[in-house]
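Asks: Here TrEMBL flags 6-64 as domain 'TRAM'. If you look up TrEMBL, you'll see Gln288, Tyr317, Glu338, Asp386 marked as S-adenosyl-L-methionine binding site. If you look up TrEMBL, you'll see Cys413 marked as active site, nucleophile. As annotated by TrEMBL, active site applies to Cys413.
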Amino acid sequence: MAKHIPVELGKQYEIDITGMGFQGEGVGRIENFAVFVKGALKGEKVKVDIEKVQKNFAFGKLIKILNISEQRTNPICPIYELCGGCQIQHLTYEGQLEFKRERVENVINRIGKITDVKIHRTLGMANPYRYRNKVQLPVRRENGEIKIGFFKQGTHDVIDIDECFIQDEVADKVVNLTKEWIDKYRIEPYDEKDGSGLIRHIMIRRAFVTGEVMIVIVTNENELPYKDEFIDLMLNNIDGLKSIVHNINNKITNVILGERNILLWGQNYITDYIGKFKFRISPLSFFQVNPVQTNVLYNKALEFADLTGDEVVFDAYCGTGTISLFLAQRAKKVYGVEIVEEAIKNAKENAVENEVKNVEFIVGESEAIIPKLIEKGVIPDVVVVDPPRKGCDEKLLHSIANANPSRIVYVSCDPSTLARDLNLLERLGYKTIEIQPVDMFPQTAHVECVTLMSKP
Ligand SMILES: C[S@@+](CC[C@H](N)C(=O)[O-])C[C@H]1O[C@@H](n2cnc3c(N)ncnc32)[C@H](O)[C@@H]1O
């Protein structure tokens, strides 16, 4: 028998919003049928126009707020509703932190089937704006006008920005200077439709502690016309500039940076600190985008690891070895494992630069390298994992559980895969003790967590 769907396309309904979806949308129910409403907040009563109906849920367009939540606030960005960069600027910062905690609790209960765990209040920022140290923006010509900005949600139309409130002010300045240069010398931006044009993206990085700035201009061809004028314009206007790089990407791809870099001016890296550790950041290297909260996240991981100085620690998915260096302060030996060769090269350089000697970095898949280390008799007392969104490989989790470390610290950027992996580790004999959400990306729906598991 066909399922009864209690809403009709194009019809209007009044709905009580009782929860929030993963993307920060409001969720209400009509006869127990879920309706997602972008822009609505938990606790509000809203009028919606049903614009899409699927088998198990529908999407409603917000027409009117009938009962406003106390946690609603005016977004500070004038193009917030057009731009796809932020999702929850209309929620007070307190409300954002609670939304993130609840989101974690929801999936840990529902997917992880874990209910007896302490999920702490999300650790937020004193100033939840202007926190990003890196931005990469597409450059396009639309209706004759140069546009540099973010893609409109779900499209490749560029929303022009003069100012973005989550990125460093220097980025706004570089964007406006780049527009001026393109206009003056009639340089053609890239056109995705036919692969013509020259300037694809502009990337700006600003080191938080040292204030050093890197500008990367990404082009579709090997030559960059009027490059001396570009360099002069930036040098005369940007404080702290240390590096200008021309990156060439002539592939038809969504990947922003190509493999070839030509140094136009200065040095090919900038330097920044997380805590007391110093890191070199080159155009292609991964570095967390919110340095203030990275320090909070890593210190929480270190606290959960509860090291005394005698332990052997594995840091799986170690990237450029940033967490490994934090752990090495209090461990006997740390083994960092990472799949990207370039990242392991950086990790080794970072260890030398910071004079950390009790770390060893190994390139390869964590699920292949860690079982081999254990087979060779390297037995971890504590294991830290920080996988990408898809979570840990099952083989790795089995191998970790077999090695029987007293603690597992799981750093995660996706609560759903975290919940799935904690469920497996619980079945393998570990207990989830506490989960600490950390707000690495204020104004967006993303949430990062550090979890402590131990042997009962
Ligand atoms: C979320 S990042 C964490 C990086 C690092 N811990 C940090 O905080 O900067 C995940 C890392 O896992 C790496 N990675 C992905 N799959 C992997 C695998 N199967 N084995 C080892 N590393 C992997 C990625 O290249 C990336 O550097």
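Glycine is treated like the rest: Cβ placed from N, Cα and C.
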Asks: Distance check, please: Cα of Tyr317 (S-adenosyl-L-methionine binding site) against Cα of Cys413 (active site, nucleophile), rounded to an integer number of angstrom.
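Replies: That comes out at 13 Å between the alpha carbons.
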Asks: When neighbour density is defined as the number of other C-beta atoms within 10 angstroms of a residue's C-beta, which of the binding-site residues Glu338, Asp386 has the lowest density?
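Replies: Asp386, out of the binding-site residues Glu338, Asp386, has the fewest neighbouring Cβ atoms within 10 Å.
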Asks: Between Tyr317, Cys413, which of the recorded positions has the fewest other CB atoms within 10 angstroms in the structure shown?
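Replies: Least crowded of the recorded positions Tyr317, Cys413, by Cβ count within 10 Å, is Cys413.
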Asks: List the residues in the vicinity of the S-adenosyl-L-methionine site, defined as same-chain residues other than Gln288, Tyr317, Glu338, Asp386 with C-beta within 8 angstroms of the site's C-beta centre.
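Replies: Going along the sequence, the neighbours appear as Phe286, Asp315, Cys318, Gly319, Thr322, Ile323, Pro387, Val411.
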Asks: Count the Cβ atoms, other than its own, that fall within 10 Å of the Cβ of Gln288 (S-adenosyl-L-methionine binding site), considering every protein chain shown.
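Replies: If we count other Cβ atoms within 10 Å of Gln288 (S-adenosyl-L-methionine binding site), we arrive at 20.
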Asks: Could you give me the DSSP helix, strand and coil counts for the domain 'TRAM' (6-64)?
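Replies: The composition, in the requested order, is 0 helix, 36 strand, 23 coil.
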Asks: Measuring Cα to Cα, tell me the gap between Glu338 (S-adenosyl-L-methionine binding site) and the residue listed as 'active site, nucleophile' in whole angstrom.
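Replies: That separation, Cα to Cα, works out to 17 Å.
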Asks: Averaged over the whole of the domain 'TRAM' (6-64), what is the pLDDT?
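Replies: For the domain 'TRAM' (6-64), the model's average pLDDT rounds to 96.
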Asks: To the nearest whole angstrom, state the Cα distance for the pair Cys413 (active site, nucleophile) and Asp386 (S-adenosyl-L-methionine binding site).
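Replies: Cα-Cα distance, Cys413 (active site, nucleophile) to Asp386 (S-adenosyl-L-methionine binding site): 8 Å.
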Asks: Let me make sure I understand the span of the S-adenosyl-L-methionine site: among Gln288, Tyr317, Glu338, Asp386, what is the greatest distance between any two Cα atoms, in Å?
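Replies: Of all Cα pairs among the recorded S-adenosyl-L-methionine binders, the widest measures 16 Å.
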